[in-house]
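As recorded in Swiss-Prot, the features of this protein are as follows:
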ACT_SITE  Cys277  active site
BINDING   Ser64, Thr65, Arg66, Thr67, Arg68, Arg115, His142, Arg304  carbamoyl phosphate binding site
BINDING   Arg115, Asn173, Asp237, Thr238, Trp239, Ile240, Ser241, His276, Cys277, Leu278, Pro279, Arg304  L-ornithine binding site
MOD_RES   Lys44  N6-acetyllysine
MOD_RES   Lys54  N6-succinyllysine
MOD_RES   Lys62  N6-acetyllysine
MOD_RES   Lys62  N6-succinyllysine
MOD_RES   Ser107  phosphoserine
MOD_RES   Lys118  N6-succinyllysine
MOD_RES   Lys195  N6-succinyllysine
MOD_RES   Lys205  N6-acetyllysine
MOD_RES   Lys212  N6-acetyllysine
MOD_RES   Lys212  N6-succinyllysine
MOD_RES   Lys281  N6-succinyllysine
MOD_RES   Lys281  N6-acetyllysine
TRANSIT   1-6  transit peptide
Amino acid sequence: GGQPLQNKVQLKGRDLLTLKNFTGEEIKYILWLSADLKFRIKQKGEYLPLLQGKSLGMIFEKRSTRTRLSTETGFALLGGHPCFLTTQDIHLGVNESLKDTARVLSSMTDAVLARVYKQSDLDILAQEASIPIINGLSDLYHPIQILADYLTLQEHYGALKGLTLSWIGDGNNILHSIMMSAAKFGMHLQVATPKGYEPDPSITKLAEQYAKENGTNVSLTNDPLEAARGGNVLITDTWISMGQEEEKKKRLQAFQGYQVTMKTAEVAASDWTFLHCLPRKPEEVDDEVFYSPQSLVFPEAENRKWTIMAVMVSLLTDYSPQLQKPKF
């Protein structure tokens with residue numbers, strides 16, 4: 001294949017299982033499209049029925065607030081029809097094989113967004129389905145959350161290149177998705193997790209490779225203040241992910257000293273901001289930081305909608321953004 005015409009990134013028909021499979025240019029394109037849809041629909045009040053006549057299957061093995069709301073409202077806003085299924089309606093790999101489910105979904109819907117326990121289930125669905133499969137959160141990754149985070153940071157800082165992200169918390173699916181993508185934007189990453197709660201070693205290895213290719217730094221420590229030092233963006237998340245409830249006591253002990261407070265912010269960069277994908281518990285971050293002017297958590301939550309809309313439009317249509325490309 002030759003060079004694509006004048007920076008037209010073509011994502012139509014692709015799956016979005018992990019940002020590992022996407023180049024920096026491709027992720028930037030989704031963010032550009034997000035900014036474009038947000039501007040045209042929110043600022044200018046346009047109606048864009050880009051998904052008219054399209055249906056989305058939504059399969060959720062775990063509960064959801066923001067992913068479900070942003071996807072259902074966003075898909076409908078673009079003229080499409082979302083269908084929501086819980087484990088009451090469909091049990092992946094239980095009532096019928098994943099292969100059969102994938103074929104049926106392919107014949108009735110135009111894309112599927114699935115929130116699953118096992119990333120491997122998504123991989124099988126994607127392999128067997130003839131339609132795009134989108135990861136709505138798995139044990140390993142949460143790519144659509146990170147798109148919202150990056151859009152929020154782009155809006156706030158005007159560009160992403162050169163920012164230092166400081167992760168203070170659990171080595172979970174959100175962190176994994178940041179590790180698969182931050183270096184592709186020229187962002188540095190400083191990670192602090194308690195001993196025994198580090199990110200997956202194979203993902204760390206890949207993140208180090210990306211950092212080398214892009215001339216960025218990635219560091220891991222067990223000291224929250226070390227990770228926060230000089231950081232532009234302080235990021236944390238729940239310490240107890242869905243399915244880990246019985247580990248609660250053990251985890252609360254392990255994460256002593258990991259609460260993000262103004263003490264944490266003192267060692268960060270002067271232009272620091274705070275992100276949290278929600279739902280939030282006070283032990284993860286105190287009210288002072290969470291409700292501070294530096295906290296971007298509510299714009300971040302709203303951007304879940306514009307970014308998932310952009311994902312759907314890029315995977316299902318030939319639409320090109322009309323807004324000038326933002327600086328990344």
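Cβ atoms are placed via backbone N, Cα and C, with glycine included.
Positions of Swiss-Prot features highlighted on the structure.
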residue: Lys54; record: N6-succinyllysine; CB count, 10 Å: 19
residue: Ser64; record: carbamoyl phosphate binding site; CB count, 10 Å: 18
residue: Thr65; record: carbamoyl phosphate binding site; CB count, 10 Å: 11
residue: Arg66; record: carbamoyl phosphate binding site; CB count, 10 Å: 19
residue: Arg68; record: carbamoyl phosphate binding site; CB count, 10 Å: 18
residue: Ser107; record: phosphoserine; CB count, 10 Å: 10
residue: Arg115; record: carbamoyl phosphate binding site; CB count, 10 Å: 23
residue: Lys118; record: N6-succinyllysine; CB count, 10 Å: 14
residue: His142; record: carbamoyl phosphate binding site; CB count, 10 Å: 26
residue: Trp239; record: L-ornithine binding site; CB count, 10 Å: 22
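By a simple count of nearby Cβ atoms, those within 10 Å, the most crowded of the recorded positions Lys44, Lys62, Lys205, Lys212, Arg304 is Arg304. The most crowded of the binding-site residues listed here (Thr67, Ser241) is Thr67, judged by how many other CB atoms sit within 10 Å of its own CB.
Using a 10 Å Cα-Cα cut-off from Asp237 (L-ornithine binding site), the modified residues that qualify among Lys54, Lys118, Lys281 are Lys281. The secondary structure of Arg115 (carbamoyl phosphate binding site), as reduced to three states from DSSP, is extended strand. Of all Cα pairs drawn from Arg115, Asn173, Asp237, Thr238, Trp239, Ile240, Ser241, His276, Cys277, Leu278, Pro279, Arg304, which the record names as binding L-ornithine, the longest spans 21 Å. Among the recorded positions Lys54, Ser64, His142, Lys281, the ones whose Cα sits within 10 Å of the Cα of Trp239 (L-ornithine binding site) are Lys281. A C-beta separation below 8 Å, combined with a sequence spacing of at least six in one chain, links Lys195 (N6-succinyllysine) to Asn222, Ala254. Listed in sequence order, Arg66, His142, Gln145, Asp149, Ile174, Asp237, Glu300 are the same-chain residues at least 6 apart in sequence whose CB falls under 8 Å from the CB of Cys277 (active site). Site extent for carbamoyl phosphate: among the recorded binding residues Ser64, Thr65, Arg66, Thr67, Arg68, Arg115, His142, Arg304, the largest C-alpha separation is 15 Å. The two recorded residues Lys118 (N6-succinyllysine) and Ser241 (L-ornithine binding site) have their Cα atoms spaced 14 Å from each other. In this view, Pro279 (L-ornithine binding site) is surrounded by 10 other Cβ atoms within 10 Å of its Cβ, with every protein chain counted. Looking only at the recorded positions Ser64, Lys205, Lys212, Arg304, the one with its C-alpha closest to Lys281 (N6-succinyllysine) is Ser64.
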